[in-house]
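For G17, D74, A75, the entry in TrEMBL reads Ca(2+) binding site. Summarising the annotation, TrEMBL assigns Fe cation binding site to H360, H365, H540, I663. Taken from TrEMBL, the feature domain 'PLAT' covers 2-114. What TrEMBL lists as domain 'Lipoxygenase' is 114-663. Look at TrEMBL and you will find W99 tagged as site 'Essential for stabilizing binding to COTL1'.
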Amino acid sequence: MVRYRIRVATGAWAFSGSFNRVQLWLVGERGEAALQLQLRPMRGQVEEFEQDVPEDLGPLQFVKLRKHHSLVDDAWFCDRITVQGPGDSAEAAFPCYRWVQGEGVLSLPEGTARLAGNNTLDVFQKHREKELEERQQIYCWATWKEGLPLTMAASSKDDLPPNARFHEKKKLDFDWTAMAGIMEIAFKYVSSLMSSWNCLEDFDKIFWGQTSTLAEKVHQGWQDDELFGYQFLNGINPMLLRRSTSLPSRLVLPSGMEELRAQLEKELQNGTLFEADFILLDGITANEIQGEKQYLAAPLVMLKMEPSGKLLPMVIQIQPPDPSSPAPPLFLPSDPPLAWLLAKCWVQSSDFHLHELQYHLLHTHLLAEVIAVATMRCLPGLHPVFKLLIPHTRYTMEINTRALTKLVSDGGLFDKVTSIGGGGHVQLMRRALAQLTYRSLCPPDDLADRGLLGIPSALYAQDALRLWEIIARYVEGIIHLFYHEDDVVRGDPELQAWCREITEVGLCQAQNRGFPVSFQSRAQLCHFLTMCIFTCTAQHAAVNKGQFDWYAWIPNAPCSMRMPPPTTKEDISMDTVMGSLPNVFQSCLQMTIAWLLSWSQPDMVPLGHHKEEYFSGSEPKAVLKQFQRDLENLESEIVARNEQLDLPYEYLKPSLIENSVTI
């Protein structure tokens, strides 16, 4: 008889345990043995057993398990199973990390990552082919809107596979927080005792309850040109600003503005002229809310970088020129204060739309879902890239399904609140996808293309580059363990299928925008995987975490404008400003949604600190440990830098970056 020691770990989530009996088998190179266990797994427990089998099974290949039930199928969340064999044989780990339901037999392969083989008799090859066949029946593509990335086929969160759903604690936290937000909206709306605002101070009537230090600073300083410019570098949307290489053709300078032209050309020659162009919004159909027309614009802002690092606006053009109309007015800091303030409000409202739809929803959420679905459809659990990526897909399908069915759906919150709802938001996203390039998702390329490298006051740029480097080293460390040369990359059919699934299927033929349809080298693969992990973690944190900070004070980022853009600087009064800004209901909803979308979650997993052990062996674990040390060192550097700043930039502190898109 040969003795085996078996440890069975059950998830710590609510309802992870099961009252049903679980049967186990060990499968080795020399045979198979059924274990005489009466296992009823308990939540959060590691249960240990010793079992004697008639003969040594040799190197273990699988643990098979079956959950029996008579009346009730009580699902079990199995974390992992480890088995210590006879003598001094190494402990074998069998990662699971999924729900076990029904009475079918589930085979868990030993956790060492393996590439696909050509031997059809190989038991692992048969397993991975069967696994992918089953997964492709479960994880199916769907079209949410024509011309946009494909999504997981689910008309509601209840249609998602159990392993793509929130765990119970996350679900309760999310639902209770949403309910608290709804109650806060109602209370603020009723307590304001107003149907419309009369002056800017009226917004104070709802600026209470949830708050943050930065939100308070925005509240106090939102009218300052310095804070206005700062947001293009380090605010919630640092993705639009670029260094000017020429004066934009749309910037028509009428006679009498020779001094402004000279100033712009001087800054251009010095390399200190920057621009933020919202032309993507031009011609988008504006919303109508409860019979009241809303308005959109496509502004252009020209800014100058001072030696101190401050970025200050020089001129704002709210609308591009129209050949059939007089040249649009140019707004200057020297204009009457309310005219200049209203022009900045139009810019900030436009930035709200581009940020939420292009840089937040499309560039992070929907891209992360394409990566997640393609990974489930094309990469078996034994594949090293699956093991690398799967922690960075946690909860993404459910949070996106909730967003697409509640937030940006027909009749959803965007339709009820924003000037770009009612179909304009889909128009904008289609335009944005047509312009989405592979380079724009990779900070070293994107920041170089936008001329933002080497700017001391560009804190997002600095932190994004450092994180990219750290993630790239981590990815390279893992990939080089399994792909020893470029030929191995080229010859991996599962990997190549995954690449095509993302570019040609999920992203709707994106190869003409620089996305690869195959991987020809280890370097190319590592670059793509770095983009995937950066997008699902750091980039999402950069454009998500600060929504409450910058959007809670409504005039700093109006979700809608209720009067047309001004065509003249004269006669702009406080009534004009207040009539343009969101009404009481819109403001209450914007403030609460901003809080809901950026709150700190109790079950948040920081970047690189997932507890799941998908890899077996010491080498991948050592690479992960080094990744964690690199992140800790960066954290210390950011904390030390922020102590010297009036406005600390914290969105890319590694401890605040979620390991996947979950909110």
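Quick reminder: no glycine exception, Cβ is built from N, Cα and C everywhere.
Location within the structure of each feature annotated in TrEMBL.
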| residue | record | contacts (Cβ under 8 Å, 6+ apart) |
| --- | --- | --- |
| G17 | Ca(2+) binding site | T10, R40, P41, M42, R43, G44, Q45, W76 |
| D74 | Ca(2+) binding site | S18, F19, N20 |
| A75 | Ca(2+) binding site | F15, S18, W99, V100, Q101, P162 |
| H360 | Fe cation binding site | H540, V543, N544 |
| H365 | Fe cation binding site | T396, I399, N400, A403, H540, V661 |
| I663 | Fe cation binding site | I399, N544, L597, S598, W599, Q601 |
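The Cβ neighbour count for H540 (Fe cation binding site), using a 10 Å radius and every protein chain shown, is 24. Those same-chain residues not listed among G17, D74, A75 yet with C-beta within 8 angstroms of the centroid of the Ca(2+) site C-beta atoms are F15, S16, S18, F19, N20, P41, W76, F77. Within 10 Å of the C-beta of W99 (site 'Essential for stabilizing binding to COTL1') we count 19 further C-beta atoms, all protein chains included.
Cβ atoms within 8 Å of the centroid of the Cβ atoms of H360, H365, H540, I663 (the Fe cation site) belong to the same-chain residues L361, T364, A368, I399, V543, N544, L597, V661, site residues excluded.
Looking just at the domain 'PLAT' (2-114), the mean pLDDT is 92. With DSSP classes pooled into helix, strand and coil, the tally for the domain 'PLAT' (2-114) is 0 helix, 62 strand, 51 coil.
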